[in-house]
Amino acid sequence: MPSHSPTGIHDLAVADSPLPQQQQDAPSFGSDLEGGERPAKRPREDKPSGALPLACSECKRRKLKCDKAGPPCGSCIRRRCPEKCGLEEQPPRASIKSVHPSLPADTVGTLASRLSAIEELLRASHPQSSFSSSPSISRLPAHSPPTPSAQEAAVQSLEEVALADTFAPSAEPTFDLEDLTAARTSILSAPWTELSATKSSVSWIMELGLDFARPTSFEQLGEDWKSAMAKLHGLLPEKSLCYHLVAKYHEQLAWVNHILHRPSFDAEVDFYYKLVDEGRHLETCPIWLALYIMVLTLAVQGGWSSTPEEQTVRDFPSIWYAAAKRCLSLGDWQGRPQIRSILVILLFNQHAQKTSRVRASREFVTWLSSAIGIAHNLGLHLLGNDPSIMPPEEDKAFPAGANSLKRQIALVTFAHLCILDWMKATGRSYSHFITPIRCTSGPPANVNDADLSSTDWRISPASHSTITSWTLEIHRLRASKVNDKIHTSGATGHAAVMELDRALRSLPDGLPSSWTLESSAFDQANPQNRWKRSVCFGGTHTKLVSLHRRFLSEGLEPNSPYAGSAAACIKSAHIAIVSLHNIKDVGRNEWLTYSHALSASLALFTALFHALGRRAREDELEELRTPLRLAHDIFSPGDLDTLYSASLRAIVRQGDRLFASLFAASERVAQGRTGGAYEAPESFAEILDSVAKELRKPQPVFNLISPPSARAESLDTLPSFGLNLDDSPVEDFALSFFSDLGIPPLFPSWDDAVAT
């Protein structure tokens, strides 16, 4: 029996080729399965005919009986739509044997009817396209499933009713107007009766840390839930400091990962403190509270300025991070998919970048997979390019109805998931959680926050050469696709590398000209512009360094076929370091600032020692030393007090020692080649081994997290939910940081390191 599943549609592409012999000889649905065989019927050839259809076009569309008395027919006259009636003579059908003489007549007839149904479906899905009758089609869009018949729709509806959870929450939450923020969103939690329905009582007892032996009623669980929420609210600092931290986040951190709409979030913060003043703060949605707490956390951790008031909560971000995870659990983020849960997880990634802890980075991969699953449940991957299409599920984080604000935030959220998914799939892990071919959502619109409406879906995006609130996100999405291609192409040859080189160099096309300048003195007064320019321009050259450095050592040799790759690697390393040094004051609390600077520096040190070995001119050596001095300045220990993370401070110390050791080694080599007493080592790998031994000497041990100096009384009353106060020495992490970048003794030779 032919399959009518969607997956069988693609098999029609080979409908005009002979079927396997075993399929031709297989018994039909009506054969005697108990051993007796019915005599095979002789296929009947269909004679060409020009008969009228069984119904007019309108009756056929409405699936009604037609008397074919027209046009117009009696049915169309009674429905008062005679102008829609039409009876067209069907074209003569081709003989069954004329399609393929080797196919059984019933097989060809079934395939022909299926093909006709598919063509009708395509016409309905794409009314502006023309489809000609063909024995095969190439592809059916993954987002256009066959429209079920009325009977099938009724069956599906009955199944949903029969199998649905009796206490499942409504998919379309509604709130009174007085419970909405000024942005027409809501931060109120669902009632306890609805929130508790997605978990069993045993699960809530475990979640709240209660004693199983203690008799607990449903109402008592609700009171325990409120008590847990009250402790989390108690961790927030004073209102004035919170407003200051929110403003700092928007001005100094939000544009790094622009996922929040500032006017909407500010309105939600105002509404929260209205609830606090009214004594209703326990009605706040735990997921929104987690989002708010993470905004405060990042504001304390990052930015380029700090006030004395911020120092009073300097030790709180690790506690707040744990509190945000606790809020997610109390809001049942897994059982109740919400877009705010995804936003919280995206802020977790920013937190991991600032704390620079290996465990936090690895933990985020699990969070990322969960966020992508929520996005699929919310349909964020199927929004297409039509600005009128909205997420299928109503979410209280959005204004109700069709509006540009809802669509833009949904697109931005899914774009960030794609960026992280494709960037995480590096050379060490090629796995993905998102399959691009199954996603139809386009990139975010190039607009500003103020251009978005909470009532109208129409929007007028600016050109890509115009800087807006989301220009950086659009570029990063394009860059992540190229990065994914680099790591998943599997190509290692030089020709493939040069092809990927061209793809990377095409990324700045269409970007604002201010983001493509190489001058380190550009726009010093605007840190946001400097940061975005570094991400777009410097980030591209950082990728070029990693792409070409596998051919660097060989390309530096005379008459090497890889000389072009070596030159490209050295030039891109120079540009990347200049770009990173230009944001030294802005990006000092970002892990990527140091990892990218060190990666580019290792390429330049390779070129420097090779130039020393072949006795290059002094001006050529100085051309390599100049960007290396800038990179060393990025690792200057003089700014340690401005770094929030203790692990970042350890990385800076180790980096400073590494640069000092390599510069000292280069001076010894330079003295040896000019007739000094120093005897140069055999290879650059030997120099790196000696530097590694120097770095492994014992250093002072620092704890990652200092004990909090304030609000200790609030912490004593917190339930046990794991604060993740990592007491491992930061020097161990610093060594793993350099090992991940190819520093010995992880690799036996420098050639193995640069090939990684």
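Cβ atoms here come from the backbone N, Cα and C positions, even for glycine.
Taken from TrEMBL, the feature region 'Disordered' applies to 1-54, 126-151. Marked as compositional bias 'Basic and acidic residues' by TrEMBL: 35-48. Summarising the annotation, TrEMBL assigns domain 'Zn(2)-C6 fungal-type' to 55-85. Residues or ranges marked as compositional bias 'Low complexity' in TrEMBL: 126-142.
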Spatial neighbours of the domain 'Zn(2)-C6 fungal-type' (55-85) far in sequence, C-beta under 8 Å, 6+ residues away: 150
Helix, strand and coil residues within the domain 'Zn(2)-C6 fungal-type' (55-85) as assigned by DSSP: 14 helix, 0 strand, 17 coil
Segment confidence, the domain 'Zn(2)-C6 fungal-type' (55-85), expressed as mean pLDDT: 80
